[in-house]
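These notes concern the structure reproduced below.
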Amino acid sequence: MDASPEPQQKGGTLVLVRRQPPVSQGLLETLKARLKKSCTCSMPCAQALVQGLFPAIHWLPQYRLKEYLAGDVMSGLVIGIILVPQAIAYSLLAGLQPIYSLYTSFFANLIYFLMGTSRHVNVGIFSLLCLMVGQVVDRELQLAGFDPSQDSLGPKNNDSTLNNSATTLIIGLQDCRRDCYAIRVATALTLMAGLYQVLMGILRLGFVSTYLSQPLLDGFAMGASVTILTSQAKHMLGVQIPRHQGLGMVVHTWLSLLQNVGQANICDVVTSALCLGVLLAAKELSDRYRHRLKVPIPTELFVIVVATIVSHFGQLHTRFDSRVAGNIPTGFVAPQVPDPKIMWRVALDAMSLALVGSAFSISLAEMFARSHGYSVSANQELLAVGCCNVLPAFFHCFATSAALSKTLVKIATGCQTQLSSVVSAAVVLLVLLVLAPLFHDLQRCVLACIIVVSLRGALRKVKDLPQLWRLSPADALVWVATAATCVLVSTEAGLLAGVFFSLLSLAGRTQRPRAALLARIGDSTFYEDAAEFEGLLPPPEVRVFRFTGPLYYANKDFFLRSLYRLTGLDAGHSATRKDQGPEVGVSNRSLVDGKDLGSVSSGAGLVVPLAFGFHTVVIDCAPLLFLDVAGMATLKDLRRDYRALDITLLLACCSPSVRDTLRKGGFLGEEQGAENELLFPSVHSAVEAACARREELLAADSAL
C-alpha cells in the first residue's frame with residue numbers, strides 16, 4: 001500500500017492516509033467472471049432475466065388502481081384519438097398506405113407497454129423516421145422500375161404496376177404492384193433497423209446513443225422538418241411534380257414547385273389555407289391556455305372529421321379533381337416474412353435509421369425520467385424499441401421510435417404508467433376493425449396540413465440558435481452544420497455531418513484547453529488563475545501551472561507551448577544550449593516576460609536565460625483526466641529538461657488513475673520514495689515543499 005505524500009491533519013491530529021491497493025483483474029478473468037454470471041441457471045436468475053426483458057411484469061402487480069387508472073385511461077384515449085389522424089397523415093411521408101401506419105401504431109404501443117422502462121414515453125410513428133423510410137422506399141421503387149410520379153395514396157394507384165419502359169431489378173416482381181413492393185421495402189428496412197437496435201441492446205451499447213449530442217439532434221430535427229415541409233408542399237397546392245431523390249432534394253423540389261405553381265388545384269389551396277388557419281390558431285390558443293385546459297383539444301381529429309364530411313357530400317374529388325386518401329381496408333392482413341434480398345440492399349440505410357430512432361428514444365426516456373424522479377435503462381430501451389421494429393415488421397409495419405409531442409400530451413393528460421399505451425392501442429384497434437373506411441374521401445391536402453403543423457416545435461428551435469451561440473459557439477456550429485446539410489444535401493448526410501462536427505468540436509476542446517498560471521488567494525491554501533482574478537499572491541520563485549484538459553497525443557505540443565509561454569522559458573531549447581556550452585550564444589536576458597515562444601520545434605538563434613526567476617514548476621493535475629503514451633513521454637522529457645536546468649518539476653492533485661499511469665510509465669523512476677517527493681495531494685503542499693527544499697539548499701550552501 002502506498003502512503004500519501006504527506007499526512008493529513010484533522011482536528012489538530014496528524015492522520016496517515018493510505019491508498020488501498022488496486023484490484024488488478026486481467027481481461028480474461030473479467031470475461032470469465034461475466035460469462036459465468038450470465039450463464040448461471042437458477043430460478044432467481046431466470047425471474048430476473050424475464051423481469052428485465054419485460055418490466056411490466058414487475059410494475060403491474062404494484063399498480064395503484066385508484067391513483068393511476070383514471071389518468072392512464074384519459075391519456076390513453078386522448079393519445080389514441082390523436083394517433084388516428086397522425087397515422088393517416090404520416091403515411092404520406094413514408095409513401096405507404098394509411099392502413100400500415102395504423103398497424104404500426106397498434107403494435108408499437110402494445111410491445112413498448114411490455115418492454116419499456118419509461119412510464120411516460122409514447123413510442124409509435126415519428127415524422128423524422130417516416131421521412132427516412134419514405135426516402136428509401138422512393139429510391140427502391142425507382143430502382144425497381146416503378147413510375148416515381150405515382151403516389152401510394154388514392155384510388156388511381158390501386159392498379160399501379162411496373163413502368164413498361166423500365167427493367168425490373170427484382171425477379172418475380174411483375175406480380176407485385178407498387179403498394180405491395182413499397183411495404184416490402186419498408187418492412188425489410190424496419191427489420192434491419194430493429195435487429196441493429198436489439199444487437200446494440202444485447203451488447204450493452206446504450207451509451208453509444210449519447211454521442212449524438214442535443215445540438216446535433218435539434219439541428220437534425222430542424223433540417224429534417226424543412227425537408228418534410230418541402231415534401232408536403234405539393235400536396236397542399238395540389239401540384240403533381242416528380243419526387244426528387246438524392247443530393248439537393250429540397251432545392252430541386254422547390255424549383256419544380258415554382259415551375260408548376262400555375263397548375264395548382266384551387267380546391268386544395270383553399271382547403272389547405274383553411275386547415276392551416278384553424279390548426280395554427282388552435283395550437284396557439286392551446287399553448288397559451290394549456291394550464292387551464294384539463295384535456296388538450298384534439299384539433300386534428302375535428303379537422304379531419306369536418307374535412308371528410310365536406311369532401312364526401314361536396315364530391316370534391318369528382319368535381320375538382322382533389323386527391324383523397326382512397327380505400328382504407330379494415331382488419332389485419334396475414335403476416336409475411338420481409339424479403340431477405342431487399343434487407344441486404346437497405347442494410348446501410350437501416351444503420352442511420354436505427355441510430356436516430358434509438359437516440360431520440362433514449363434521450364426522451366432519460367429526460368422525462370429525470371423530471372419525474374425515476375430511472376430508466378438505456379440498454380433495455382434499445383431492446384424495447386428494437387422489438388417494436390423487429391416483431392411488427394412481420395405484420396406490415398414500419399420503423400418507430402419515441403415521439404416528443406405525443407409524450408408531452410400523455411403527461412399533460414395525467415399519464416402515470418404505460419397502461420395508457422394499451423388504451424391507445426384499443427382506440428387504434430377500433431379504427432382498424434370498424435372506422436377505417438370512413439376516411440375514404442379525406443383530402444390529402446388536409447393530411448399534409450396536419451403534418452406541417454406538427455413541425456411547429458422543431459421549426460421553432462431556430463429561435464434557440466442565438467442563445468446557443470452565446471453559450472457555446474462550437475455547439476451552435478454543430479447545429480448549423482447538421483441542419484444545413486440535411487436541407488441542402490440529404491438527411492443521411494446531415495446526420496453524418498452532425499457526427500463529424502460533434503467529434504471535431506470535442507477534439508478541438510481537448511486539443512486546445514485553457515492553460516493558466518495560478519497564484520495564492522490571500523493566506524488560504526487555495527490557488528486560482530492569476531490572469532482572471534486580482535489581488536492574488538504568486539508564490540515566490542515557484543510557477544504553478546494548470547492545464548484544464550487531458551494530456552494526450554493531440555495536445556502535447558500545445559501543452560508545452562502553453563507552459564513555455566506562461567513561464568517564459570523553453571526548457572527543451574534551454575537544456576540543449578546548456579549542454580552545448582556558452583559558445584552557442586547564451587544571453588543574460590531573462591525570458592520571464594510571458595512572450596509567445598512560438599512552435600516547440602527547434603530553431604536557430606534562441607536566447608537562453610541564465611536567471612530564470614524560479615526554481616520549481618508545480619503542475620496542477622486536478623483537471624488532468626488521463627494520460628496516454630505521448631502525454632507520459634512529454635512529462636518525462638519535461639522533467640529531464642528541467643532537471644538539466646536545475647529546476648524541479650512537481651505534480652499536485654493527481655487522480656488515482658493518473659498516479660497509476662505515472663507509476664507504470666516510469667515517470668517516478670526506480671528510487672525509493674520518489675512518489676512522495678514528486679506527487680503531492682494539493683497545490684499548496686507542493687509549493688510549501690518546494691520552498692522548504694530551497695531553504696534547505698540555501699542553508700547548506702551558506703554552511704559551506
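Positions of Cβ are set from backbone N, Cα and C atoms, glycine also.
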- line: Residue among SER165, SER377, SER587 with Swiss-Prot annotation phosphoserine is SER587
Task: Might you confirm whether the transmembrane segment (477-499) is in contact with the transmembrane segment (295-314), defined here as three or more C-beta pairs under 8 A between residues 6 or more apart in sequence?
output: no
- request: Note the mean pLDDT of the domain 'STAS' (532-690), expressed as a whole number.
  value: 78
Field: Tertiary contacts of the transmembrane segment (347-369), as residues 6+ beyond its ends and Cβ separation under 8 Å
entry: 116-121, 123, 126, 128-129, 132-133, 136, 189, 192-197, 200, 206, 208-210, 212, 214, 217, 220, 375-376, 378, 381-382, 385-386, 389, 399-402, 404, 407, 411, 492, 495
Task: Count, for each of 185-207, 417-439, 477-499, the Cβ pairs lying under 8 Å from the transmembrane segment (94-116), and report the range with the highest count.
output: 417-439
- line: Listed stretches 68-90, 185-207, 477-499 vs the transmembrane segment (417-439), most Cβ pairs under 8 Å: range 68-90
Close approaches to the transmembrane segment (477-499) from elsewhere in its chain (Cβ under 8 angstroms; 6 or more beyond its ends): 128, 131-132, 135, 211-213, 215-216, 218-220, 222-224, 226-227, 246-251, 349, 352, 355-356, 465, 468, 505
